[in-house]
């Protein structure tokens, strides 16, 4: 068995001319295709590329080669790549077909012809386009309010994809450019949520992925509602707070913590709490304190359960009159789940 050895690239022109001289005649060349400069052919990755070469001189000898060596010499295939074959729709065609094109196929290809008069060449430059693909993106992140956040989104593709960041809210801002990094300085609670990274080029539809940003912040009382109560009836005080993580609630009266007992019932869900008196008596009238706390802080609001006709306002207000030791004790208790 004879083993074929690819010649050195520097010797390819000489080898090719010698090879062409040995080839049998038969394939002509259309000289008009060989008088112009290099043609560019653009093909999407995975598609089939056809590099055209048409001849007209019946006494010519033809070969295809690229930077790696000789691909075809006449009808003799030198390349070991099964994706490569000749395309002959008619007797004068000597085109090269490359199936399932990949990025390593990109480069210059030469159709070289030895005519009766002089050698001629036609060059084709194959450009391989690649759809955008996000290769790396930040994981979901949780930070405290006021921190600096950097999100990363890296993508591959040809041409180079353009990266666009967008905050997925009704009024979310779009951050556009070729930067892979999105920096948020001093992040606020309003900037929490999902961020979308979009990588786009002209080859196909964009590749899109998301990152969730959670912003922790201390509790803020958003609503505290006092209530009018008639003796012998049921009455409730309600308190709502905004916080991440969700706050824990406690109720106090006269610096004494209240538990669900003796006709009092406390119900707390995420972000809100209520204190219900099942059967109001004279001793239940007065000031109550709702305390909301999470690992970042504690706040409180003062509410009033008042008699019918009292001149006291209906809406409670945030109060700083509660002793600091009580707030500190409440926070420690909530954090330790006492």
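Cβ atoms here come from the backbone N, Cα and C positions, even for glycine.
Here is what Swiss-Prot records for this protein:
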DISULFID  53-111  disulfide bond
DISULFID  153-197  disulfide bond
DISULFID  239-290  disulfide bond
DOMAIN    29-122  domain 'Ig-like C2-type 1'
DOMAIN    219-304  domain 'Ig-like C2-type 3'
CARBOHYD  40  N-linked glycosylation site
CARBOHYD  66  N-linked glycosylation site
CARBOHYD  136  N-linked glycosylation site
CARBOHYD  148  N-linked glycosylation site
CARBOHYD  279  N-linked glycosylation site
CARBOHYD  287  N-linked glycosylation site
CARBOHYD  300  N-linked glycosylation site
CARBOHYD  315  N-linked glycosylation site
LIPID     315  GPI-anchor amidated asparagine
SIGNAL    1-28  signal peptide
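Here the features listed in Swiss-Prot are painted onto the structure.
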residue : record                      : CB count, 10 Å
40      : N-linked glycosylation site : 9
53      : disulfide bond              : 27
66      : N-linked glycosylation site : 19
111     : disulfide bond              : 26
148     : N-linked glycosylation site : 10
153     : disulfide bond              : 25
197     : disulfide bond              : 25
279     : N-linked glycosylation site : 11
287     : N-linked glycosylation site : 17
290     : disulfide bond              : 28
Euclidean distance between Cα atoms of residue 136 (N-linked glycosylation site) and residue 239 (disulfide bond), Å: 44
Residue from 66, 148, 197, 279 whose C-alpha is spatially nearest that of residue 111 (disulfide bond), among the recorded positions: 66
Helix, strand and coil counts within the domain 'Ig-like C2-type 3' (219-304) (DSSP): 3 helix, 57 strand, 26 coil
Candidates 40, 279, 290 (recorded positions) with Cα within 10 Å of residue 300 (N-linked glycosylation site): 290
Three-state composition of the domain 'Ig-like C2-type 1' (29-122), taking helix and strand from DSSP: 7 helix, 44 strand, 43 coil
For residue 136 (N-linked glycosylation site), nearby residues of its own chain (Cβ under 8 Å, 6 or more apart in sequence): 152, 153, 154
Count of other CB atoms lying within 10 Å of the CB belonging to residue 239 (disulfide bond): 27
Euclidean distance between Cα atoms of residue 287 (N-linked glycosylation site) and residue 197 (disulfide bond), Å: 51
In three-state DSSP terms, the structure that residue 153 (disulfide bond) belongs to: strand
